Amino acid sequence: MDDVSSSAADFRAGFACFVGRPNVGKSTLMNALVGTKVAITSSKPQTTRRVIRGIVHRPDAQLIIVDTPGLHRPRTLLGERLDSLVLSTLTEVDVIGFCLPANEPIGKGDRFIAEKLAAVKRTPVVAVVTKCDLAAREQIAEQLLAVSRLAEFAEIVPVSAQSGDQLDVVSDLLIRRLPESPPLYEGGQLTDEPEQVLVGELIREAALEGVRDELPHSIAVVVDEMLPREGRDDLLDIYAHMFVERPSQKAIVIGHKGTRLKDVGSRARKQIEALLGTRVYLDLRISVAKDWQRDPKQLRRLGFYD
Ligand SMILES: Nc1nc2c(ncn2[C@@H]2O[C@H](COP(=O)(O)OP(=O)(O)OP(=O)(O)O)[C@@H](O)[C@H]2O)c(=O)[nH]1
């Protein structure tokens, strides 16, 4: 049996979140740290709209990662809500990881976030220089220097989520800033995001595939129901609704004679089956919810709470 009393004394547990411009590799880094795919990654910005937690379990610590959407200037009501969500997350966590890619110069967006972070005085910020596999050694060195001039950071650490290089160092640096505390979650638990939300994200990801330029942020997904098929323990019925803002967008998602929608459904179904480890029947509908991004009532219905 483990000696619980002695290990509890040095155990650390707490919360971290990653911020950074869209597309800097926050979700990929979190997934790599946690070791399983819980957030959605894509090559286009702002796919992460919800706070998703992944948990790193170590013998000496438990690091609960809250993944935040890209911090950006508000453009729509949805944008404003996201930003206030991000800012309230920042004050609630024990440590913040500020991601800046190694292969792009520091820009306006990074400076904007650095300013916001400077206002959150209570929480230590570790600057994480991401995507180091994409940059040469000198470029990484220059970036580390540039980051050190950007603001005061508790630490600056280079990492590649792709190659796995320095992932353990990132964990260590974050964990060092957590309070001494017994574990907050049971062992083996990887995420406390309700499965329904993850399933919705997978569907949204499949629906955006190939049409991101036309419909960048105009698709929302609500999973109405997930339940085992009666008399079967190997099949799950999932009923989900996609919402777009205009009839023209609906036509794009459906495609010629419905071929695209069918394709979206089958791609999403495969991802969901991989996530849940069971066979899935997916009933996927699409509706127009006019200007849902600007309408507080619709936003609440679609799961974006105040
Ligand atoms: N080569 C390389 N690519 C990476 C690495 N980390 C992320 N990427 C790629 O960069 C792109 C963006 O990564 P995400 O993890 O979705 O970025 P994000 O910051 O979470 O983006 P938002 O959700 O838009 O805020 C994806 O195409 C990733 O595959 C890395 O370490 N190396």
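Cβ from N, Cα, C; glycine included.
Feature list (source: TrEMBL):
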type	residues	note
BINDING	20-27, 67-71, 130-133	GTP binding site
DOMAIN	12-180	domain 'Era-type G'
DOMAIN	211-290	domain 'KH type-2'
REGION	20-27	region 'G1'
REGION	46-50	region 'G2'
REGION	67-70	region 'G3'
REGION	130-133	region 'G4'
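Positions of the features from TrEMBL, shown on the structure.
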| residue | record | CB count, 10 Å |
| --- | --- | --- |
| GLY20 | GTP binding site | 23 |
| ASN23 | GTP binding site | 19 |
| LYS26 | GTP binding site | 29 |
| CYS132 | GTP binding site | 25 |
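Across the range of the domain 'KH type-2' (211-290), the DSSP-based residue counts are 29 helix, 29 strand, 22 coil. For the region 'G4' (130-133), the list of distant contacts is 20, 24-26, 28-29, 99-103, 140, 158-163, 165-166: same-chain residues at least six beyond its ends, Cβ to Cβ under 8 Å.
Residue counts for the region 'G1' (20-27) under DSSP (helix as H, G, I; strand as E, B; rest coil) come to 2 helix, 0 strand, 6 coil.
Remark: secondary structure over the region 'G4' (130-133) totals 2 helix, 1 strand, 1 coil, with classes taken from DSSP. Mean pLDDT, taken over the region 'G1' (20-27), works out to 87 on the 0 to 100 scale.
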